Amino acid sequence: MPPPSPELEKSLWKFDKLLKHPERAVTSWFTTPLILLIVRSIFLIYSLITLATSIYLYDIHGQLYLFLTYYTNLGFIGLTAYFATAVVHSSVFMRYNVPKSLVLQPKMLTIAFWLLYDTIVLNHIVIPLVYWAFLAKTHTDEFGSSSHMGLVKFRTYSMHGVDFFMMIVEVLLSRMPLVSSHLIFVITVPILYIFEIWINYAINHTFPYEPLDWRRGKKVAGYYFGLLGIAICAFLIQKLIHLSRDAAGQRLWRRGLMQEMETYRRNGSSGVNRPNDNVDVVVVSAPEEIEIENI
């Protein structure tokens, strides 16, 4: 696959925001890269345990063939994949003190990593919100009256609650950008899922979620459009969170810079240590001003 052209990088997709500043994926405004790596590693281990538990439950209930028909499972696979990739990049950064893996890998992999981030910050607002607001009281659990209710509850709360906690901590601690135009990419995920459940119905004659069963009449269309509306609102909320995070990070850094300058005047020494934003292949330097984008 050929690398993206410079015109594509600077287009409305703004891929250059991460391609030219890959250290944003492995640094934080509010903590050290080591702490960020530790947090990501803990989340990865928890996600792997949860995913393994879910697969085990589907298997022992003879429903493994339905595993990928549930949006919750697909979303959690994406979350686990993101933390696995982020841990690798953070580990390399800790080893070499530059984002070597992000710089040396094909640009399309970096873009794919960024788009994966876009999907997890959207999905893990939508999934717990829709589950607890609309499905928890009426949705028939796919495991029924399982004899493994402890594991079922662990899976339920992990995939419809803890996932939101892990996602929002990642958003606040990392410096990954969120570009408004990427809404076009991430909104295709639930749209593609709709096609998947239609194909699943043609094969297995069942819908994973009753409100999406088109046999229930015209009101089902309202659920489809309602879910897309919730997804768009969730993305806009995330955009505001990202803007607020970066603005707070800039203020915190400026305050630290002023303190360093005062120390320099008094002691004749300086040691500014902050997240980096201008990086070429191996040279990491100081952050540029944040461009506040229109939503």
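Note: Cβ is positioned from N, Cα and C throughout, glycine not excepted.
Keep in mind the model is a prediction, meaning the values are calculated, not measured.
Annotation source TrEMBL lists transmembrane segment at 34-58, 64-88, 109-134, 154-173, 182-203, 223-241.
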For the transmembrane segment (64-88), distant same-chain residues with Cβ under 8 A (at least six beyond the ends): 25-26, 37, 40-41, 43-44, 47-48, 50-51, 54-55, 58, 101, 113, 116-117, 119-120, 123-124, 127, 131, 142, 159-160, 163, 166-167, 170, 174, 190, 193, 196-197, 200, 204, 206, 208-209
Contact call for the transmembrane segment (34-58) against the transmembrane segment (154-173), three or more Cβ pairs under 8 Å: yes
Outside the transmembrane segment (154-173), six or more residues from its ends: residues with CB under 8 Å to it: 28, 30-31, 35-36, 39-40, 43, 46-47, 50, 53-54, 57, 72-73, 75-76, 79, 82-83, 86, 120-121, 124-125, 127-128, 131-132, 136, 141, 238, 241-242, 245
